[in-house]
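Over in TrEMBL, the protein carries these features:
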type     : residues : note
TRANSMEM : 27-49    : transmembrane segment
DOMAIN   : 41-290   : domain 'G-protein coupled receptors family 1 profile'
TRANSMEM : 61-81    : transmembrane segment
TRANSMEM : 101-120  : transmembrane segment
TRANSMEM : 141-168  : transmembrane segment
TRANSMEM : 207-226  : transmembrane segment
TRANSMEM : 238-261  : transmembrane segment
TRANSMEM : 273-292  : transmembrane segment
């Protein structure tokens with residue numbers, strides 16, 4: 001933390017998505033709808049996969065954890081954001097801000113690596129189908145997810161500690177709608193070289209490593225699909241990957257835009273719009289991307305609607 005002889009701010013004030021008073025209620029209604037759809041969609045995915053015996057496969061195991069992460073990440077950001085649309089002074093305490101940053105980092109880093117694990121899962125399913133249930137066994141699935149959460153928690157502790165190790169003693173107005181690395185460090189009245197370097201290296205390492213896994217997986221998947229003689233087989237193989245490819249492209253594209261640029265190139269209003277996209281819009285879209293064209297999920301939903309009580313009694317964890 002900051003040295004004791006420096007007057008440390010005790011709270012921060014958010015500017016929010018917009019500081020125009022006439023936009024606060026319309027924005028509240030828009031983001032309330034987005035958050036409501038996010039909650040319903042992701043809790044729906046979690047419930048369906050948990051109660052339906054036909055969805056107890058590695059692909060849906062990882063999809064359930066992606067839904068948990070999307071729901072959690074939105075819940076870290078959206079409730080406070082919605083309240084701030086309705087109040088005149090959008091404040092958050094110093095420690096509440098640190099907690100929000102830490103929780104946000106846990107889930108955003110976890111999402112980065114769960115998407116990479118899902119790409120590896122599709123690679124094994126298409127390129128080595130006979131070994132699929134051996135290579136991606138239940139034990140391996142649990143291990144991969146456990147390591148993902150452990151690593152994301154460790155990263156959150158290191159990065160958030162660095163961000164809050166500097167002094168905040170001048171302005172306390174954050175040009176954002178939640179506590180994030182870049183707008184916070186922009187307020188510091190002390191040297192931010194070390195925390196900025198830690199943030200950049202952490203973001204670059206996480207994104208590039210996970211993107212490498214995704215790119216190698218899909219390179220081999222495309223080669224396998226092109227070698228297939230049956231057009232029906234190629235179509236089926238591609239359909240199992242299309243939704244994940246779409247989600248990965250949108251998610252990684254936004255993160256690359258946000259974090260892999262020097263501080264001098266950052267435009268905070270542009271970063272704000274990108275943040276809205278990957279903290280609120282993508283978690284809302286993912287259940288639709290993965291479910292609307294998925295026959296297994298739609299069939300599971302029909303079975304659940306026919307007998308919801310019986311389905312809930314037979315939950316799989």
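Positions of Cβ are set from backbone N, Cα and C atoms, glycine also.
TrEMBL annotations: computationally assigned, not manually curated.
Comparing 27-49, 61-81, 207-226, 238-261, 273-292 for CB pairs under 8 angstroms to the transmembrane segment (101-120), the maximum falls on 61-81. Here the transmembrane segment (61-81) touches the transmembrane segment (273-292). Their Cβ atoms form 3 or more pairs under 8 Å, with each pair 6 or more residues apart.
This prediction places the mean pLDDT of the domain 'G-protein coupled receptors family 1 profile' (41-290) at 89.
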